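TrEMBL has this to say about the protein:
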| type | residues | note |
| --- | --- | --- |
| DOMAIN | 7-283 | domain 'FAD/NAD(P)-binding' |
| DOMAIN | 319-386 | domain 'NADH-rubredoxin oxidoreductase C-terminal' |
| DOMAIN | 421-470 | domain 'BFD-like [2Fe-2S]-binding' |
| DOMAIN | 485-534 | domain 'BFD-like [2Fe-2S]-binding' |
| DOMAIN | 560-622 | domain 'Nitrite/Sulfite reductase ferredoxin-like' |
| DOMAIN | 630-770 | domain 'Nitrite/sulphite reductase 4Fe-4S' |
| BINDING | CYS639, CYS645, CYS679, CYS683 | [4Fe-4S] cluster binding site |
| BINDING | CYS683 | siroheme binding site |
Amino acid sequence: MAEPRKKLVMVGNGMAGVRALEHLLKLAPEAYEITIFGAEPHPNYNRIMLSSVLVGGADLKEIVLNDWDWYEENRIKLHAGHTVTRIDTKKRKVYSREGAEAEYDVLLLATGSQPFMLPLPGADKEGVIAFRDIRDCEIMLETSQTYKNAVVIGGGLLGLEAARGLLHLGMNVSVVHINAYLMERQLDEAASKMLQAELERQGMKFLLRKQSETIYGKKRVKGLRFTDGTDVEADLIVMAVGIRPNVELARSAGLEVNRGIVVNDYLETSEPGIYAVGECAEHRGIAYGLVAPLYEQGAVLAKRLAGVETGGYEGSVTSTKLKVSGVDVFSAGRYDEPPGTRTLRYQDEIDGVYKKIVLRDDKLVGAVLFGDTSDGASLFSIMKKGESIKGREKELLLGFSAGAAPASPTSRLEAMADDEIICGCNGVSKATIAEAIQSKGCSTVGEIKACTKASGSCGGCKPLVEGLLKIYGGDAVGEPVKEGICGCTTLSRDEIVAEIKRMELKNVKEVMNVLGWNNPEGCSKCRPSLNYYLGMLWPTEYKDEKESRFTNERYHANIQKDGTYSVVPRIYGGVTSPSELKKIAEVAEKFDVPMVKFTGGQRLDLLGVKKEDLPKMWEELDMPSGHAYGKALRTVKTCVGNTFCRFGTQDSIGMGIRLEKEFERLNTPAKVKLAVSGCPRNCAEATIKDFGVVAIDGGWELHVGGNGGVHVRATDLLCVVKTEDEVVEWGGAFLQYYRENAQWNERTSVWVERVGLDSIKAALEQQEERKALYGRIRTALDHTTDPWKQIASDRELRKNFETLTPEPAVRN
Ligand SMILES: Cc1cc2nc3c(=O)[nH]c(=O)nc-3n(C[C@H](O)[C@H](O)[C@H](O)COP(=O)(O)OP(=O)(O)OC[C@H]3O[C@@H](n4cnc5c(N)ncnc54)[C@H](O)[C@@H]3O)c2cc1C
Ligand SMILES: NC(=O)c1ccc[n+]([C@@H]2O[C@H](COP(=O)([O-])OP(=O)(O)OC[C@H]3O[C@@H](n4cnc5c(N)ncnc54)[C@H](O)[C@@H]3O)[C@@H](O)[C@H]2O)c1
Ligand code: SF4
Ligand code: FES
């Protein structure tokens with residue numbers, strides 16, 4: 001006769017507990033008679049997706065993980081809407097507030113956490129909520145229909161996701177944060193500031209270093225007052241200041257409780273027969289607040305309950321990704337720099353990319369990525385394996401080996417080891433997904449999700465899963481997934497440009513609507529690229545969309561690591577005069593500029609300028625912008641040439657100044673640097689520039705596609721010409737051909753390699769084509785203005801420079 005099934009009661013019907021039961025049902029489907037008590041009146045749903053519901057990415061109905069039928073099919077008795085208030089450990093019984101009771105042989109506590117509500121006077125007013133469950137989400141959706149001002153307290157993951165949702169719902173959103181910078185538990189100051197700048201661009205306001213004191217209003221909240229006497233109006237306050245494990249039930253039953261319910265490596269509590277899993281459990285001193293470790297716990301617990309051998313749960317290394325569209329942020333392990341560690345950083349303010357890896361004894365112990373998080377999964381995998389990365393540090397930091405071009409997302413995926421984790425939430429490896437596609441016939445992301453769970457939680461790994469589908473799908477799985485310019489579209493750069501031309505699309509929003517963007521807001525990759533393509537295609541009529549540009553280009557100055565800016569006036573050919581130098585010195589003194597420095601491109605950089613001082617300084621300098629901040633013509637470096645140098649064969653200074661005056665203010669796919677040398681000794685280093693000119697006897701050599709940055713590349717010789725006019729015409733035609741054919745953010749060095757020098761030569765060698773290209777670059781140039789002059793003389797534009805939010809503190 002079969003053994004009678006043991007009674008298993010679970011308290012809490014949330015993500016961690018139900019996942020553990022799913023494992024158990026696979027391992028030992030007949031072992032237990034299961035009863036679940038869940039305080040919420042819903043079946044198990046994906047709490048993580050509440051953030052997506054707010055931004056319209058999912059419907060509340062769509063986030064259910066296990067519907068009512070699942071409970072029936074698995075013969076689970078569910079008491080939905082029942083809160084268990086008492087455990088009798090002697091009688092082995094639990095009792096709910098609503099009057100139900102159940103006996104158990106095994107009791108599983110999976111009660112999760114509750115949001116911490118600041119005990120402020122007025123916190124009980126209508127309109128003060130947390131962001132934890134479906135009800136909170138519904139209140140936000142309803143409130144946004146009638147009220148305008150939302151305040152989110154807490155600038156952590158949850159607060160920012162709530163704030164982004166409320167912004168999407170049309171509310172004015174202010175985030176109140178106690179710290180000087182956002183997400184201080186996951187990010188360092190540099191990444192945090194870049195995050196803040198991007199969120200401000202999206203419309204969020206920040207009140208940093210603010211201590212909340214009182215919530216005021218009559219029945220409903222009207223505002224929030226701070227200890228410094230200031231206040232902010234609010235029709236809705238969302239508290240997102242952390243969570244506390246739900247331990248009261250366990251405590252009252254006499255279980256050992258610390259911050260969470262204390263468990264051993266087998267998830268056993270201090271009371272025999274009672275287990276705890278999920279956010280309510282504390283293992284080796286840690287109560288986790290992310291699903292990945294909770295699912296790992298669940299897998300171990302299921303084995304234990306099924307009588308399958310397990311080595312136990314040993315704790316988890318965690319990683320996080322902020323789920324805010326258009327903002328890529330990844331953090332794993334040590335983001336701070338504790339003693340005994342070594343840190344490597346890469347920061348590109350122009351493209352809004354920041355990468356940091358933290359090493360201890362040649363092992364990766366932490367990573368922070370902003371702007372480009374495509375290497376997050378690989379870094380996390382390496383970190384978890386604990387392998388030595390000696391000699392590979394630079395490659396891991398930059399995402400590609402030195403000297404090589406950055407790999408495409410597909411080749412990165414191909415290069416990943418089979419055991420690398422693709423879906424961090426569910427611990428699904430590349431090999432498991434490959435097997436699902438190749439052996440189990442999965443041909444869509446949905447089928448892979450059903451088969452492996454990958455992409456079923458936060459959804460952050462979906463692009464990787466799509467990529468694997470493309471790699472392993474081959475012909476067997478219908479249409480391969482196309483790689484678009486970013487996650488918002490499957491269209492390539494060429495397809496987009498062709499469609500803009502064909503349909504005469506004239507603004508960023510229109511392009512996204514007409515071409516069916518899957519994210520209506522776009523992201524930090526597609527918005528600036530569309531802005532560039534539109535400006536390139538319609539030079540006479542397109543109005544540049546400032547909001548689609550990065551901070552540096554919006555403020556026409558480079559933001560520095562401490563939040564100040566740098567000012568680089570244009571000094572044609574690097575040639576200045578005593579009176580110009582005096583003027584620069586006077587302005588530097590007047591505005592207390594902490595540092596004046598020569599740049600590598602022969603210009604003067606005024607560093608440490610406050611944002612609000614920028615327009616006044618530009619006005620007083622009365623010099624054109626050096627465009628040192630943008631995807632534009634930067635500098636034309638020159639040597640002294642035959643004017644002073646005894647080796648010089650030509651006037652390199654005159655040639656350089658002419659080129660700079662000809663092409664200044666030009667928007668290009670990526671930054672463009674020029675140089676002119678007066679003889680083949682090449683003192684101006686023209687052969688590592690985008691367009692380099694080297695004088696030879698009786699003429700000029702024109703070189704293209706050089707780069708002296710991360711990937712050093714010497715130029716290719718384009719041609720030799722005789723006159724200065726020809727230099728200008730060929731230079732203009734080359735730059736316009738590059739403008740019209742390169743991808744946004746693609747340097748000439750990468751573009752020349754991609755399309756091949758021969759194709760560029762073939763186009764430019766036809767005189768008619770060359771002259772037409774030069775004509776088009778002139779048209780584009782005729783419609784440019786100097787941004788500094790424009791802002792200095794326009795009161796409305798100047799307003800953008802008044803600081804609204806306090807700048808974060810400068811770290812020593
Ligand atoms: C908006 C939001 C976004 C998030 N995004 C992410 C993310 O991107 N990535 C990530 O890893 N994590 C994210 N999290 C965290 C993640 O959702 C939690 O870590 C996870 O849900 C915890 O699972 P759990 O089962 O331990 O607790 P829960 O999912 O909270 O489930 C516990 C359940 O137990 C019930 N309960 C409590 N006490 C009792 C009782 N006495 N009787 C009966 N029922 C009871 C509760 O009502 C609740 O339904 C997010 C959380 C939120 C709120
Ligand atoms: N994308 C994700 O992975 C994701 C998204 C949402 C939530 N979650 C998880 O949900 C849980 C809750 O998230 P959370 O952001 O509330 O927790 P958190 O503890 O990570 O962050 C809370 C933030 O509130 C700030 N804070 C504390 N007291 C404050 C005060 N009085 N005024 C203003 N700010 C104050 C803290 O400085 C901190 O940055 C966490 O476990 C988190 O990991 C994860
Ligand atoms: S490149 Fe030739 S001309 Fe120019 S400074 Fe050097 S040696 Fe003189
Ligand atoms: S990483 Fe969150 S669902 Fe895959």
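Here the Cβ of each residue, glycine as well, is placed from N, Cα and C on the backbone.
Location within the structure of each feature annotated in TrEMBL.
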| residue | record | CB count, 10 Å |
| --- | --- | --- |
| CYS639 | [4Fe-4S] cluster binding site | 28 |
| CYS645 | [4Fe-4S] cluster binding site | 16 |
| CYS679 | [4Fe-4S] cluster binding site | 20 |
| CYS683 | [4Fe-4S] cluster binding site | 18 |
Other residues, Cβ within 8 Å of CYS639, CYS645, CYS679, CYS683 Cβ centroid ([4Fe-4S] cluster site): VAL640, GLY641, PHE647, GLY648, SER652, SER677, GLY678, ARG681, ASN682, ALA684
Candidates 7-283, 421-470, 485-534; stretch with most C-beta pairs under 8 Å toward the domain 'Nitrite/Sulfite reductase ferredoxin-like' (560-622): 7-283
For the domain 'NADH-rubredoxin oxidoreductase C-terminal' (319-386): best-contacting stretch of 7-283, 421-470, 485-534, by Cβ pairs under 8 Å: 7-283
Mean of the pLDDT scores, which run from 0 to 100, over the domain 'BFD-like [2Fe-2S]-binding' (485-534): 88
The domain 'BFD-like [2Fe-2S]-binding' (421-470) - residue tally per DSSP class, helix then strand then coil: 26 helix, 5 strand, 19 coil
Summary of DSSP states over the domain 'Nitrite/sulphite reductase 4Fe-4S' (630-770), given as helix, strand and coil counts: 58 helix, 34 strand, 49 coil
